[in-house]
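Structure, as structure tokens:
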Amino acid sequence: MSVGETTSAPPTPAPDSDVITSTFSLVDYVVFSLLLVFSLAIGLYHACRGWGKHTVGQLLLADRRMGCLPVALSLLATFQSAVAILGVPSEIYRFGTQYWFLGCCYFLGLLIPAHVFIPVFYRLHLTSAYEYLELRFNKVVRICGTVTFIFQMVIYMGVVLYAPSLALNAVTGFDLWLSVLTLGIVCTIYTALGGLKAVIWTDVFQTLVMFLGQLAVIIVGSAKVGGLGRVWDVASQHGLISGIELDPDPFVRHTFWTLAFGGVFMMLSLYGVNQAQVQRYLSSRTEKAAVLSCYAVFPCQQVALSMGCLIGLVMFAYYQEYPMSTQQSQAASDQFVLYFVMDLLKGLPGLPGLFVACLFSGSLSTISSAFNSLATVTMEDLIRPWFPECSEAQAIMLSRSLAFGYGLLCLGMAYISSQMGPVLQAAISIFGMVGGPLLGLFCLGMFFPCANPPGAIVGLLAGLIMAFWIGIGSIVTSMGSGLAPSPPNGSSFSLPSNLTIATVTTLMPSTSLSKPTGLQRLYSLSYLWYSAHNSTTVIVVGLIVSLLTGGMRGRPPNPRTIYPVLPKLLALLPLSWQKRLHCTSHCQDLPVDTELFPEKMRNGALRASGDKEPMTEASPVHQGTSPTFILHETSL
């Protein structure tokens, strides 16, 4: 079956008399309320525990003492948004299981951050990922990266709060602004008062709720249609089970190559350089714990993706046996799954409430991460560098005030989203357009020692211009033809680089159209290649400008900010080849300069020498200007 096609016809709608009236029972309201109560209680507990003794490090980085498992679940929850929970099943229902191959990109998409980005960030003892840009380039590049990230996340958090609330209101009659205000206020309170530790532990709780809610739908739905075997048989009979589509054309929406390799760049923009994720790595007790938490996300992501796909298959099998109402058949894609769940779980008190709790757990986890990361970068990148004399107490109060301020801004953005109408789709897509250029900026600095500040700035601007040109062009072209666009840099499971793009992607038609030409051909580039395209633009333009402006002009970059790509690749060769290439001739005899990795506080300030972290084997250390890199490991 080719991508975007399905051999099955939609089930015949039932008469209008069968329209579903989805109402919550008292038990459902209790289950949903417990989610809010427990989330708030976790935040207040961490806020009250040690009140008056908190430090900025505790508030923003959980005092760098978090374990592997909570960090891993928080990494998963951060971009497992509510719209993703609605978007994946709808994608599978409409287009088949081709989307499941996105799971193939998770391996490289998490392996590279674990062994490239985490070691560099962790050993620099950063608080903000954008502090790296100042250490590698200069303060101007740091501010450019920070402002770009703030723009991305401010749009993201308003839409991720409003969109699922709107879908829930349309299906269940749940008051729209009551749910928006309740979620926004609860999330703001526990994030601002409890800091990152509260956010991580509420993410753990909310992740469990998300899994339970989806599992309930799978169990009840498969039982009603005769079991998972029957679900699979029905899907196979109707051509919903997709084979591997090996078409290399990057303009085809979903193929194996697009999902498995284009998705890698999307994952890198999320799990490699996004502040919300980097902050969690840096909160780990040790570098090893940070790496293990990144590994642990892999099976969790596979489970989350598989559950979403299963719900889509169960939904398809269910509607082959039970006719849907006209109201359901005409529903928007972000409402379609909710109609199915309310139809499926009616008469089972508590389960509709559990799924709604699952849905809003996705919203809470993503919004709280946005608040916390925005407060962190604003404090560390825009305020502290200009007010270094700010006391600890003032910094704590300011950090909490920033989180509260971003919470109010989130509510304002939710209101603006409600007024945007069709433009909302463009606002959603902006999040995905920004992820690729930011990834390219970090890769430019980390992998290319010749890159200089002018190259970084011009490269970032070129990447953003290219991203918005193609992304907005795709939206306008699709609107002009009456079709939903293929959103940039999105995927149904994670939205940062995708957000509610998951919902938008499912609106694509199931029939092939004539091939576009000219600029329309460029605008039809698969959204999963956007991160790769835009990050490559930043790197290529950045390198050209850097070379034209003289590179680093004899001022080599700080070796701690460069990832030694060539020595790492040479290390993969057989030992005999390494000896012939003379890449191991003297690496065992050089001394380790522990001063190259002093423990650094915020904004480049160094701790007293007595507080430095001891060095043992394992960390990649560049010995002065020598081209040789030696492996050492910090005792973390």
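Note: Cβ is positioned from N, Cα and C throughout, glycine not excepted.
The transmembrane segment annotation in Swiss-Prot covers 24-44 (among others). Here the transmembrane segment (24-44) has Cβ contacts under 8 Å with residues 172, 174, 182-183, 186-187, 189-191, 193-194, 198, 201-202, 205-206, 209, 349-350, 352-354, 356-357, 360-361, 364 of the same chain, all six or more residues outside its ends.
Per Swiss-Prot, transmembrane segment is recorded for 68-88 (among others), and the stated evidence type is sequence analysis.
Marked as transmembrane segment by Swiss-Prot: 143-163 (among others). Residues of the same chain lying 6 or more positions beyond the ends of the transmembrane segment (143-163) and with a Cβ under 8 Å from any Cβ of it are 81-83, 128, 130, 133, 180, 183-184, 274-276, 334, 363, 366-367, 370-371, 373-374, 377-378, 381-382, 406, 409-414, 416-418, 424, 427-428, 430-431, 434-435, 437-438, 441, 457, 460, 464, 495-496, 499-500, 503.
The transmembrane segment annotation in Swiss-Prot covers 176-196 (among others) and is backed by sequence analysis. Panel annotation: around the transmembrane segment (176-196), residues 36, 39-40, 42-47, 54, 58-62, 161-162, 165-166, 168-169, 202, 279-280, 283, 360, 363-364, 367-368, 371-372, 375, 399-401, 403-404, 406-408, 410-411, 414 of the same chain, lying at least six beyond its termini, place a Cβ under 8 Å from a Cβ of the stretch.
Annotation source Swiss-Prot lists transmembrane segment at 199-219 (among others). Under 8 Å from some Cβ of the transmembrane segment (199-219) lie the Cβ atoms of residues 35, 38-39, 42-43, 46, 62, 66, 69-71, 73-74, 76-78, 80, 85, 190-191, 280, 283, 300, 303-304, 307-308, 310-311, 314, 341, 344-345, 351, 354-355, 357-359, 361-362, 364-365, 368-369, 372, all in the same chain and six or more residues away from its ends.
Here Swiss-Prot flags 256-276 (among others) as transmembrane segment, drawing on sequence analysis.
If you look up Swiss-Prot, you'll see 297-317 (among others) marked as transmembrane segment.
Under the heading transmembrane segment, Swiss-Prot lists 336-356 (among others). Same-chain residues lying 6+ beyond the ends of the transmembrane segment (336-356) with a Cβ under 8 Å from its Cβ atoms: 20, 22, 24-25, 27-32, 85-86, 89-90, 93, 167-168, 170-172, 174, 209, 212-214, 216-217, 220-221, 224, 311, 315, 318-319, 322, 324, 327-328.
Summarising the annotation, Swiss-Prot assigns transmembrane segment to 404-424 (among others).
The annotation transmembrane segment is assigned in Swiss-Prot to 428-448 (among others).
The transmembrane segment annotation in Swiss-Prot covers 456-476 (among others) and is backed by sequence analysis.
The N-linked glycosylation site feature in Swiss-Prot is assigned to N489 (among others).
Taken from Swiss-Prot, the feature N-linked glycosylation site applies to N498 (among others), supported by sequence analysis.
Taken from Swiss-Prot, the feature transmembrane segment applies to 528-548 (among others). For the transmembrane segment (528-548), the list of distant contacts is 102, 250, 254, 258-259, 261-266, 268-269, 432-433, 435-437, 439-441, 443-444, 448, 450-452, 454-456, 458-460, 462-464, 466-467, 470-471, 488-491, 497: same-chain residues at least six beyond its ends, Cβ to Cβ under 8 Å.
Swiss-Prot lists 606-627 with the feature region 'Disordered'.
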